[in-house]
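Enquirer: Take a look at what TrEMBL says about it:
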DOMAIN    265-435  domain 'Palmitoyltransferase DHHC'
TRANSMEM  173-195  transmembrane segment
TRANSMEM  311-337  transmembrane segment
TRANSMEM  400-426  transmembrane segment
Amino acid sequence: MAADETSTLLSKRPKPPRVTATSYYYSPKIQRFYRFTSTKSSPFIALYRRPLEIYDDAKQQQQPIINPQTETTGLLTRSMVLPSHGTDPSHRWILVSVGGRTGWARRTVPTTNTPVDEENPTICLPCTDNSKTSKEQRFPSFHPADSFQAKEGWMGNHIFLCRGKLMLGSDASLFYITNLLLFASMGIYFFLIAKHQQLYQQQPNDVQYYSAILSAIGSTLYLWRAATLDPGILPPDSSPYRPPPPMDSIPQGGSIPINSGPSGYRYCSTCNIFRPPRSKHCNSCNVCVAKFDHHCPWVGNCIGLRNHGAFFVFLCFISVWCCVVFYGCIVVVMGSYGEVVENVHRLAEEKDSTIHDNSNNINNNFEQEHDKQRHYESYENVMTDYQILFEIISSQPLEVILGSFALLCAWSLVSLTCFHALLVSLAQTTNERVRGVYQYGGVENEEDEGCCRNWMTFCGSGGSVQSLLPDFSEVVRLPEDRRGKEGVWEDWKAGDSLSSLISPHCGDG
């Protein structure tokens, strides 16, 4: 079989032109977009299986009453723009979707008594009268959004920088801590340790110095590249309908099975897509990633098909950097130890000369051994080994602390780099290795074509795959012919008030 199934599915297809934000979000099934703004008074909004007026109708008809709170399909806890697939007959409720999760949400209905924001007429302000409409406006609701930034409609837990030009993973805070530790170690090394190291070396070590510069620059560049590069996110489908199986799957006459282990498609109910083989849904970032390796909190991003190579190069650079820093700290600490021991010996000799008068005796051999013993006793009386250790730590505290930290990091990172080198040689991912897919599952790894071919595939797979995401700094605009044209959802079931109004073929699980 061809190397790497996911690369075959994604990279060997003809590369389409990069999608625009409008074409990415808009589809014929979407009638309009709505914005929910999370505030202190309305921190979340609930999505229901039915519009709440249906429960009022059930009370009037004396039918069995169902608690609406038990039939929520989810809670939207952050500001976001969602697509609407239509309204109910009263036009007070809209059917919205977040990936594969669909539900009815309250819609702001402008009336003659509803004040409107003059700067943005699509946003209705809270009412102050006691009418029925004003009471409804007090509930959390959605407001029409005919235009919005692409990042506002993204369902993943990502952080956007530079107005959407850069996208970080869900653990952006830990990514910032990684940068802080890296830059702090650079400052201490180049402005303190490197200068102290020159005092204890007879000749400057150019190899070490240039290795430090190269590894520091490489670590920073590839850390940011691995963190900001799209790992191979598979775009979710925000729709109440479950998509059909892919064209190259067995149900469509293809060769790839569905729900049959790592070599087949799997349906993700959160993203509402059939993800290709070796892909996985990341619960931290809330997206599906092609050829998912793992979620790295220190990089703050998922590691997948498109950024695994950058992550591996970052591991190599950061491992060299930690080793260089550790070596520099050892040189300074050992040089300081030599100075302390030399001073101790000098003090011991001075103490010997003041107490004992070295005179010529008959037995010179016996006198020499006796002098050595007296010198050793004087050495112990001047400073013990623990006092020497304390003197070194107190004189070089940063070198001792940074050296110890660099040693722990070097041990972990070198081991991690070797582990990923092993995975590349075996054409496996961390997710597959940890789960024992090929060791204990009795499944043959069809992607393994030998060590050399696996490395060639690994080096050329990431950069050749085009991202499926749009530029999140763009503005999404609803086409002019669709603005203001919003009707009742096409699958609304009139008269079936107490049954689920979401059609049976919808993807809600």
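Heads up, the Cβ atoms here are built off N, Cα and C, so glycines get one too.
From a predicted model like this one, the values you see are computed outputs, not experimental measurements.
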Enquirer: Given a Cβ distance threshold of under 8 angstroms, which distant residues of the chain, six or more beyond its ends, lie next to the transmembrane segment (311-337)?
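Expert: Cβ under 8 Å, 6 or more out: 182, 185, 189, 193-194, 196-197, 199-201, 208, 211-212, 214-216, 218-219, 222-223, 225-226, 293, 296, 299, 303, 388, 392, 395-396, 399-400, 402-403, 406-407, 409-410, 413-414, 416-417, 420-421, 424.
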Enquirer: Average the per-residue pLDDT over the domain 'Palmitoyltransferase DHHC' (265-435) and send me the rounded value.
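Expert: The average pLDDT of the model in the domain 'Palmitoyltransferase DHHC' (265-435) works out to 79.
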Enquirer: State the residues, same chain only, that lie 6 or more residues beyond the ends of the transmembrane segment (173-195) and have a CB under 8 A from a CB inside it; answer 'none' if no residue qualifies.
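Expert: Contacts of the transmembrane segment (173-195) (Cβ under 8 Å, skipping residues fewer than 6 from its ends): 209, 212, 216, 219-220, 223, 227, 297-301, 318, 321, 324-325, 328-329, 332, 398-399, 402, 406.
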Enquirer: Going along the chain, which residues at least six beyond the ends of the transmembrane segment (400-426) come within the CB cut-off of under 8 Å?
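Expert: The answer is 185, 188-189, 193, 293, 311-312, 315-316, 318-319, 322-323, 325-326, 329-330, 333, 392-393, 433, 445, 448, 451, 454-455, 458.
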